[in-house]
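Database features, via TrEMBL:
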- 1-266: domain 'G-protein coupled receptors family 1 profile' (DOMAIN)
- 7-26: transmembrane segment (TRANSMEM)
- 46-68: transmembrane segment (TRANSMEM)
- 89-112: transmembrane segment (TRANSMEM)
- 153-171: transmembrane segment (TRANSMEM)
- 206-230: transmembrane segment (TRANSMEM)
- 250-269: transmembrane segment (TRANSMEM)
Amino acid sequence: MRNSMNIILVNLSVADLLFLLVGTTTKFVNVIYSPVVGDSFFCQCFLTIPLVNVATFASLLFVSLISVERYIAVCKPHQYLQYTCHRLTLAYVTCVWISSFALTICLLPSTMDFVSVCIIWPSTSAYANFPAKVGLCEAISDFWSSVNECVQIFPFFISLLLNILCFVKIMSRLYAGRVLLSFTARQTAQQDSQVKRRHKHSTHAATRMLIINGVAFFVLATPFHVTSAIQFFENYLSEWSCGCRELKDISVLLLYVNSAVNPFIYGMTNRTYRKAYYSVFSRSQHSSGASWNTVATTDDQNNRRITNV
């Protein structure tokens, strides 16, 4: 399973874990820290929000990178090994992380102004434990607030269009049944048709899994960015308001679901991943090792035959 696709998936998992750990921890601390929704603390403006942004951009870019990788594997098999060798894959992954950090740095001025607001609450028992000061992470100017919205919205919709294009081309090629091996691979497959069938089935299974994963990603993430785009235009159309505050809260919850759902998709759609899960979590150490060896041996044989292309 140590191929270019799984290298990208490992990094996507790291980005999802970073989003879940930092995001949920921040929410949990906020609930304990203050009963006021949106009350922030100082390090949140300079640490937790940037880390969440890094994870968000990285997840988006890794999903897009996976779609491009599958597009090359299915639609341009002759060039697959040329563009997805181990060294190039590591370079792609490094570029994604660097780009994510660069985009996050661009957004720092939109959250780095920590503002303390004094609030006089009604003198009733319901507000007895409410703080007199509330902290907010604000942009240093309205310009940077607009930049924050644009940088978060437009890359997402550009990636959405790119993924739709890749999905359409991949599905049309799979439907037509024209997933071909390169010339050398066809010669090898003539000698051993079982290898050809196994490789084709493996390619199709991995492609279906990643298409379902990509569709789930955009289905769960689109509501958040749509509501963000609506709120962005509301700033310039003061006479119009959609009243989509509740929808925005639900869309944030879907983002957390989005970061947690990938392993379940892998297990439900790919037999190799189910075997790998079983080998990792099996109670019997002996059977676990045997199961893992079976999966690894099969993949190693396939990789050796395909690498000779």
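Cβ atoms are placed via backbone N, Cα and C, with glycine included.
In this chain, the transmembrane segment (153-171) lies apart from the transmembrane segment (250-269): fewer than three C-beta pairs between them fall below 8 angstroms, excluding pairs fewer than 6 positions apart. Across 46-68, 89-112, 206-230, 250-269, the stretch most heavily in contact with the transmembrane segment (7-26), judged by Cβ pairs under 8 Å, is 46-68. In the predicted model, the domain 'G-protein coupled receptors family 1 profile' (1-266) has a mean pLDDT of 83.
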